[in-house]
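Asks: Okay, these came from TrEMBL:
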type     : residues : note
BINDING  : B:THR46  : pyruvate binding site
ACT_SITE : B:TYR134 : active site, proton donor/acceptor
ACT_SITE : B:LYS162 : active site, schiff-base intermediate with substrate
Protein chains: 2
Amino acid sequence: MNFTGLSAFPITPATMDGRVQTDALVRVLERLRRPDLGSVGLLGSTGTFAYLTRAERRRAVSVAADVLGSSVSLMVGVGALRTDEACALARDAAEAGANAVLLPAVSYTPLTQDEAFAHYSAVATASDLPLYIYNNPSTTHFNFDVALIQRLAQVPRITAIKMPLPAQGNLASDLARLRSTLPADFAIGYSGDWGCAEALLAGADTWYSVIGGILPEIALRLTAAAMAGNAAEARRIDEVLAPLWALFKAHGSLRVVYAMARQMGLTDCDPPRPILPLDDAACREIAAATEPLAR
Amino acid sequence: MNFTGLSAFPITPATMDGRVQTDALVRVLERLRRPDLGSVGLLGSTGTFAYLTRAERRRAVSVAADVLGSSVSLMVGVGALRTDEACALARDAAEAGANAVLLPAVSYTPLTQDEAFAHYSAVATASDLPLYIYNNPSTTHFNFDVALIQRLAQVPRITAIKMPLPAQGNLASDLARLRSTLPADFAIGYSGDWGCAEALLAGADTWYSVIGGILPEIALRLTAAAMAGNAAEARRIDEVLAPLWALFKAHGSLRVVYAMARQMGLTDCDPPRPILPLDDAACREIAAATEPLAR
């Protein structure tokens, strides 16, 4: 199984009362059944894991395992506020056919570094699957110290990390510094679609991608160019996507991809309330930004 | 019913797998059955609402309604990531005997001001109880614009707000400015125990208090002095509590009050994992800080 390259994060269409719409989920996932895709990241932030019950999350994993089969690696988000619940979700994911689990440091009471270490260690032993650290401070508000990442990289089965784009400074030097402190086979990837062409060009192992979950073609072309070192082509494609990146920043990528999924006829489901669907003006901007990509 | 003055926020003792220990909860709440207490804030952040299931939260409300009877107003935290779940929790709280609901702006995907408005409006119509806005950016990371608070103050049943201490600047002028923009009968209170003597002296209506949930006597004396305008006595008591405030800031008040509850023989329960109990050195410091208060 290949977990590097493009990791596509799809939405999980669900009714207003939180029931996963498996027919729509199948339509979303069929577009991702491609051997050139590194992995599918089900039930990530874009997959609204935080808003779905354990039973619905398990149902979504089963559907994804059926649709993707052995053609694409399936990573499943197992974030939960309680350690025991995250462990149960990891066991569920393993039983339902996942190939890896992704764990965000979800918190309400802000966690200490030691608490996060204990949480990750517990979930790593809950199943036999590799565990990816999902470092997502814009939603979890937890910040990993480098020392914590180093400790976690020593824990069996913890094999990779998804990093946020650096708030300031230079991604390439940040990545080089981080890589120098971690085992050679520990994979480092990035999310934040608008910065990921540069992240891949700088040598990141994985692009954890929102756009990859809805428009896999163009994201795969960007990834292939960047990983082949073709900076001009990667940046050309990135520039084509720039209007969409601007909308991601303005509205949040989750709201934008829900509007895209509706425009593409994949689902009529809206994001879970309290998140609201975007208004007509924003939807028109999204349609205008995506229209050239379909050509 | 009196919702101003001291609002005491107790812990909700629960087993490691999340079952509320009603015997320990009764011991905690019996100390709060006092007519001079403005209210009990059950299932607030200190009450670990975010870590308990709907069924366990309902059980805790029933116990509290039984213990407190008509002697103290019972406010109940109904925070949830999903709007439909927060509405269900508000109905549960009303049916189980609460006198008001407290709603924090819990989020995973960061919310817009409009989304928060729709969320609060929906929960305000879910029951007949007054709704208090629980503005808690240190845990929710949501920031209320003044314009949003003004809009919410126009919604029927939304009658009060719990504010955080200002990160910088002068609380008295902040409070005066906020009050000038809101209806005269809209109550404004503060949390952040170390700043609340000054908040009450500046004219805040309510002290939403962690220490009040575990050491109600001294918190009531401080509140009475401050609300009578006796600044010298309020500040004298605040000074007595200063070592505890320092520990709250160092470790988080939740971890400290769990250690206190254990030392006082109220419960052996620890906070929900991933939150860890404090180590022996910290517990000794807590014992030293609280020992003079028992004299």
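Backbone N, Cα and C atoms are what each Cβ position is placed from, and that goes for glycine too.
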Asks: Where does B:TYR134 (active site, proton donor/acceptor) sit in DSSP terms: helix, strand, or coil?
Replies: strand
Asks: For B:THR46 (pyruvate binding site), which DSSP three-state class applies?
Replies: coil
Asks: What's the CA to CA span in angstrom from B:TYR134 (active site, proton donor/acceptor) over to the residue listed as 'active site, schiff-base intermediate with substrate'?
Replies: 5
Asks: In sequence order, which residues at least six apart in the same chain have a CB under 8 Å from the CB of the residue listed as 'active site, schiff-base intermediate with substrate'?
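Replies: Counting only residues 6 or more apart in sequence, the Cβ neighbours of the residue listed as 'active site, schiff-base intermediate with substrate' under 8 Å are B:LEU102, B:TYR132, B:ILE133, B:TYR134, B:ASN135, B:ASN136, B:GLY189, B:TYR190, B:SER191, B:THR206, B:TYR208.
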Asks: Give me the count of other Cβ atoms within 10 A of the Cβ belonging to B:THR46 (pyruvate binding site).
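Replies: Neighbour count, Cβ to Cβ under the 10 Å cut-off: 28.
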